[in-house]
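Trainee: Dumping what TrEMBL says about this protein:
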type	residues	note
DOMAIN	A:78-293	domain 'ABC transmembrane type-1'
TRANSMEM	A:20-45	transmembrane segment
TRANSMEM	A:84-106	transmembrane segment
TRANSMEM	A:118-138	transmembrane segment
TRANSMEM	A:179-200	transmembrane segment
TRANSMEM	A:212-236	transmembrane segment
TRANSMEM	A:272-293	transmembrane segment
Amino acid sequence: MNNGKASSVWLYMRKNKWLYLLLIPGFLYLFIFKYVPMFGIIIAFQDFNLIKGITGSDWIGFENFRYLFQSDDFFMILRNSLVISFYQVLFGFPAPILLAILLNEIRSLLFKKFAQTVLYLPHFISWVVIAGIVINMLSPSSGWVNRLIVDFGGEPIHFLLKPEYFRTILISAEIWKELGWGTIIYLAALTTIDPSFYEAATIDGANRLQKIWYISLPSIASTIIIILILRVGSILDIGFEQIFLLYNPATYKVADVFETYTYRVGLLEGRLAFTAAVGLFKSVVGLIMIVLANRIARLFGKSLW
Amino acid sequence: MRKRIELFDIAVYLIVSVICMVMLYPLLNVAAVSISSHTAYMQNPMRIWPSDITFDAYKDILSHPVLARSYLNTIMITISGVAIGIFLYIITAYPLSKVHLKGRAIMINLVIFTMLFNGGLIPNFYLIRSLGMVDTLAALVFPTLFSAFSLILMINFMQNIPEELEEAAKIDGASEPYILFKIVVPLSMPIIATLTLFAAVGYWNSFFSAIIYIRSVENWPLMLFLREVIEGAKMLQISAGGNNAEIGNMNVMPETLKYATIMIVILPILSVYPFLQRYFVKGIMLGSVKG
């Protein structure tokens, strides 16, 4: 019986041997480059150093975590990540929805196409370029922003050295880069609306604003909710490049997040085991958040997987 | 009523036009400054129209030996990363798009799990170091070769290809690899084009892998070179302290030099982008329809 089952599995595998063979390289890649580092997290429980390696380093249990939860740094980067994420959601989340609705109201196809071409472009510009432009634009000696301030009788401001401006600069740059790109998913949802809804509303005497409020918005509400839930699920993911390229020691106290802290303290200062623990904390919280977010998204009939 | 509609249209066009201008302005400013003289820049740093046109900044930066080297490195990592990556997506997505395949659910879950959880920076660095890839171009290619998100887009796309086409070929005695490369791949061109664009832009713009894994100047990709120009030029500016006599010794001023470098770096993207735009929007929409 058992033997018969085994041989039928074997027959099935032989019949589909190509399908299984084709899977090998991809899964080998995933194993080496994604799963091996997951096991590498055990570094966080060691007094790890590169010379002794994972097999030779001493185990110290939760010592790294005990140190982590007692350090001021940890609460600083946790707070910074949450605050930056909050502002990203507050300003960065509604912006593409509003823009998608405006684009959907444009009747000239030519203008719409042109606008979309322009709006999607910044998504393809690298952070190194964007940060370069921002740094130059805000430069106290030659940037045009300070030139305007001086022209109006003010004093030049070192924007990038002042912690109070950091988040505004960061989030403005992020919105510039991703605003247009973010509209794609909402535009896709808007195109699925049955045109007869709008026709019926026109007959009933509804104006354009009323049609947006009573037809367009409710029709994409489920998409909005799903994107919002998933966004909140990745609340600790700020991104390395934009922060790293715009911050400096003067703004660390508001700008440092998990990604930049792990790089600076881990790789530059060489405290590998400690920052592996920081990374593990972030990964575990991230996993819990995204699984919860997906559970909630399922209640609305959609999910990530 | 009629008047109200017209006002609404004007408002929509106006707002969208202003947003488009905000998107284009920094790029036009960079382009204009890069071909203006430094005096023209200082007169009006906000310019979007060049004045006193000179290509000195381009001449200076193009003669820099490191630029050519890092350009070549970026071209190499982009071509190899895209080629290997797309090939892997194709051969992995095809079997996983077969709903009847035994073990499919487990394998897809294994793929999805890599989106939800990761080892973090330190274990990844340790892996690359153990593989002997630190300070090689391989460290810029492999870690970002393959993303679960893109793979799932491709699986969804392939699932929507009508089964009958493949069945007919199978009856004629075609093997699976033949079906994949002669029938499925040509039909999957929209999603392949989309993922090619994403991967190519990702590699072209990649900075994170480079800052972590690359040590020597000869292995710099373009983005490290650009950052160095931006930072270096910033330092020059500070050390000169507005002293024109000191700045006067250099042929080209920092801002024009920086902006010319930015132009050289983004030009390939700017030139292919308009032609690929229709593919990526279509690709995203088709791929995200769940089969």
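Cβ from N, Cα, C; glycine included.
Curation plays no part in TrEMBL annotations; they are all automatic predictions.
Any idea what these are sitting next to in the structure?
Mentor: Sequence-distant contacts of the transmembrane segment (A:20-45) (same chain, at least 6 residues past either end, Cβ-Cβ under 8 Å): 13, 54, 57, 59-62, 64-65, 272-273, 276-277, 279-280, 283.
Same-chain neighbours of the transmembrane segment (A:179-200): 92, 95-97, 99-101, 103-104, 116, 118-123, 211, 215-216, 219-220, 223-224, 227, counting only residues six or more beyond its ends whose CB sits under 8 Å from a CB of the stretch.
Counting residues 6+ beyond its ends, the transmembrane segment (A:212-236) has Cβ neighbours under 8 Å at 81-82, 85, 89, 93, 97, 100-101, 104-105, 185-186, 189-190, 192-193, 197-198, 201, 206, 258, 282, 285-286, 289-290, 292-294, 296-297, 300-302, 304 in the same chain.
Beyond the transmembrane segment (A:272-293), the same-chain residues lying 6 or more positions past its ends with a Cβ under 8 Å from any Cβ of the stretch are 40-41, 43-44, 46-50, 57, 64-65, 67-68, 74, 77, 229-230, 232-237, 258, 261-262, 265-266, 304.
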Trainee: What residues in the same chain, six or more past the boundaries of the transmembrane segment (A:84-106), come closer than 8 Å to it by Cβ-Cβ distance?
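Mentor: Non-local partners: 112, 115-116, 119, 167, 170-171, 174-175, 178-183, 186-187, 190, 208, 212, 216-217, 220, 224, 227-228, 231-232, 235-236, 238, 257.
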